[in-house]
């Protein structure tokens, strides 16, 4: 037995903890309800390491083991690859393939151009991954743009599906799941209504993603859960003429088929893959976001991304109280504002898999309390600054939009 193994055993560390020495941890890539994701170097190159605090999943450890079990069974070009896992006394470490190309919507904002044909090819990649999961009776339950990542910065990079934290493997194809799961704006009506759900929830989420890809905004825009439920239950999906006049009929038909209120009326993943729109024959090559629409779409997407980044930053500040070794300083977190994302969902807002919140610091004595209060001030200051900056940006964007619209009207009348 090596000295390191002996020390780990004496300090109460699990046997697998010795694997941690194989990784050199770097920047923080994301933060969420249960932990953070950090970049790390190992002998085979760069990887992503999801670090989950055990105290945050106490009583729900099964959720972590289910994720590990799932990841080890998956092998698909459009699903992030599992590498390894290990644990310490107080954390789980899940090592996966590192996606450095950024989120799907980051790419749209960056290039400012996205054709219907691009959207068709993108959705086909995602649906291929979903179909692979559904054939194995696995429901992802948290499909959203933030969990769709490009592997590299190359223009022809593969898109991969990430974050299987609340995915479930069904005992049989007809099994009904009853726990709340998903993210606000993407969860299916049957999830929000607690009516029981299955594979069809992924199809609904994909419908929301497809709609958003084609116009830059969501088909359901309510800001609270009650109104969102009513909006989704109505079954009314509007294709506003101003933004949808150049989008093919096949694209709209595809979206409507996925956004059926009755889950039994939605196509299966296999059926959806056969839809004419995914063949790309009817999809247009014309840029979907020209002039005013491009500006509006980009500004909306950027605001959404900024909200996610703010949430990540705040969560990382909270996590600072938990562990100094694995969690970087607030300065490090802010410095990674423009960094690549990984598969840790920042907003599993509807999930009831684990009702625990981040516990307060357990530091003893006056100094511990002082540190806790100091971090709270940092968090409050960060929130205030970001809200003010977001408001200023929004005012400027509104002014610019009004200017562009005014000039467009003047050109139309000239």
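Just so you know, glycine gets a Cβ as well, placed from its N, Cα and C.
Annotated in Swiss-Prot:
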type     : residues                               : note
DOMAIN   : 23-278                                 : domain 'Protein kinase'
BINDING  : 29, 30, 31, 32, 33, 34, 35, 36, 37, 50 : ATP binding site
ACT_SITE : 142                                    : active site, proton acceptor
REGION   : 278-314                                : region 'Autoinhibitory domain'
COMPBIAS : 351-364                                : compositional bias 'Polar residues'
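Between the CA atoms of residue 31 (ATP binding site) and the residue listed as 'active site, proton acceptor' there is a gap of 16 Å. For the pair formed by residue 29 (ATP binding site) and residue 142 (active site, proton acceptor), distance between Cα atoms is given as 19 Å, rounded to the nearest Å. Using a 10 Å radius centred on the Cβ of residue 142 (active site, proton acceptor) and all shown protein chains, the other Cβ atoms total 28. There are 25 other CB atoms within 10 A of the CB of residue 37 (ATP binding site), with all protein chains counted.
The two recorded residues, residue 35 (ATP binding site) and the residue listed as 'active site, proton acceptor', have Cα atoms 17 Å apart. In the three-state DSSP scheme, the residue listed as 'active site, proton acceptor' is classed as coil. Reported as a whole number, the C-alpha separation between the residue listed as 'active site, proton acceptor' and residue 37 (ATP binding site) equals 17 Å.
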